[in-house]
Amino acid sequence: MAAAVDTFLFTSESVNEGHPDKLCDQISDAVLDACLAQDPESKVACETCTKTNLVMVFGEITTKADVDYEKIVRQTCRDIGFVSADVGLDADNCKVLVYIEQQSPDIAQGVHGHLSRRPEEIGAGDQGHMFGYASDETPELMPLSHVLATKLGARLTEVRKNGTCPWLRPDGKTQVTVEYYNENGAMVPIRVHTVLISTQHDETVTNDEIAADLKEHVIKPVIPEKYLDEKTIFHLNPSGRFVIGGPHGDAGLTGRKIIIDTYGGWGAHGGGAFSGKDPTKVDRSGAYIARQAAKSIVAAGLARRCIVQISYAIGVPEPLSVFVDTYGTGKIPDKEILKIVKETFDFRPGMIAINLDLLKGGSRYLKTAAYGHFGRDDADFTWETVKPLKWEKPQA
């Protein structure tokens, strides 16, 4: 590629599972999993907040499930690695508060007619608009800046838990700046411009050791060599000290990492968070089906890059609008792609839940609550399954 090519920089960030906001997302989704495992018809809107030595779970839950909320909170904290006050939270000795009420009967009758409606008649749990996005720049059909930031965060946790870097503590953040070329609307990554990692650590390790270990055990296994060059900038724990972390360092809240959960700043976002919400909440199920639609468009070769928007009214099953934009990369006009999308996908919330098997609990939603909801290679991420789209290439 000629040196004179016009390029731009784009940055995405991520946080790993020990970040206080992500801790809250995981607790909220662990509660959702527990409810759905016993009662697939559970209606869950579970929020979590945390600060030093305290976790509070609150919201509206209507379920036949017998759920020990405190036990779920402590187990989730323990699994992440919050096992003593000096790492940011002590799972076994912190205070756990639970304030859970039933779903409002007004909402219940409007959305699912107190369970009397057939799946295709179930209305959206609220108004709102959701987006799905896909780009052919990575095998996952996701933005490279987001994929790399997310994988660095996941790798930080991996080398902490397997003992490769015993000085690591649970909290940490990553950020990746990629230099891109705009090829007629498609995004072509050229190189990684900057890598930033800020990770919590214990008292024993030096900044030089941190930098060396992060380069060797985190960055090298994650970022393909072809994207790194002698000009790539590394900021590794640039503040110089990050011993106090987790809820001890910052308060945490469910739903505060919605860009990390989705596309790293690419595409668009309707503003609704995912974690702690059952599939009647279109903030979640609508965003999942929109991702499947966008990914299927790109996978079919209909476009190199695509965004899909859908919108809903509370209590109404059919979406109010569906929008497709291929940024000028479409092989056929966007309005024809939109027609194919409407014929292929059922955007009614009750049918999304069935077609994507969203009423299954276990650890299904907990897995989504750290390291992104999209671009993951896992059978539980059913919305990542590409649906075949029927179309004919225009004659040359």
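Heads up, the Cβ atoms here are built off N, Cα and C, so glycines get one too.
Since this is a predicted model, take the numbers as computed values, not measurements.
In Swiss-Prot this protein carries:
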| type | residues | note |
| --- | --- | --- |
| BINDING | GLU13 | Mg(2+) binding site |
| BINDING | HIS19, ASP171, GLY172, LYS173, SER239, GLY240, ARG241, PHE242, ASP250, ARG256, LYS257, ALA273, LYS277, LYS281 | ATP binding site |
| BINDING | GLU47 | K(+) binding site |
| BINDING | GLU60, GLN103, ASP250, LYS281 | L-methionine binding site |
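Here the features listed in Swiss-Prot are placed on the structure.
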residue : record                    : DSSP (3 states)
GLU13   : Mg(2+) binding site       : strand
HIS19   : ATP binding site          : coil
GLU47   : K(+) binding site         : strand
GLU60   : L-methionine binding site : strand
GLY172  : ATP binding site          : strand
SER239  : ATP binding site          : coil
ASP250  : ATP binding site          : coil
LYS277  : ATP binding site          : strand
Its Cβ having more other Cβ atoms within 10 Å than any other among the binding-site residues GLU13, GLU60, the winner is GLU13
Binding-site residues considered: LYS277, LYS281; fewest surrounding Cβ atoms within 10 Å belongs to LYS281
CB neighbours within 10 A of GLN103 (L-methionine binding site), counting all protein chains shown, number 21
Mapped onto three states, the DSSP assignment of LYS257 (ATP binding site) reads coil
Sparsest Cβ environment (other Cβ within 10 Å) among binding-site residues HIS19, ARG241, LYS257 belongs to ARG241
Given the binding-site residues GLU47, ASP250, the candidate whose Cβ has the fewest other Cβ atoms within 10 Å is ASP250
Fewest neighbouring Cβ atoms within 10 Å among the binding-site residues GLY172, SER239 goes to SER239
Sequence-ordered binding-site residues within 10 Å (Cα) of the residue listed as 'K(+) binding site', taken from GLU60, SER239, LYS277, are GLU60, LYS277
Spacing of the two Cα atoms, GLU60 (L-methionine binding site) and LYS277 (ATP binding site), in whole angstrom, works out to 10
Among GLU60, GLN103, ASP250, LYS281, which the record lists as binding L-methionine, the farthest-apart pair of C-alpha atoms sits at a distance in angstrom of 30
Students should find that the Cα atoms of LYS281 (L-methionine binding site) and LYS257 (ATP binding site) sit apart, in Å rounded to an integer, by 18
Taking every pair from HIS19, ASP171, GLY172, LYS173, SER239, GLY240, ARG241, PHE242, ASP250, ARG256, LYS257, ALA273, LYS277, LYS281 (the record's ATP binders), the biggest C-alpha distance in Å rounds to 42
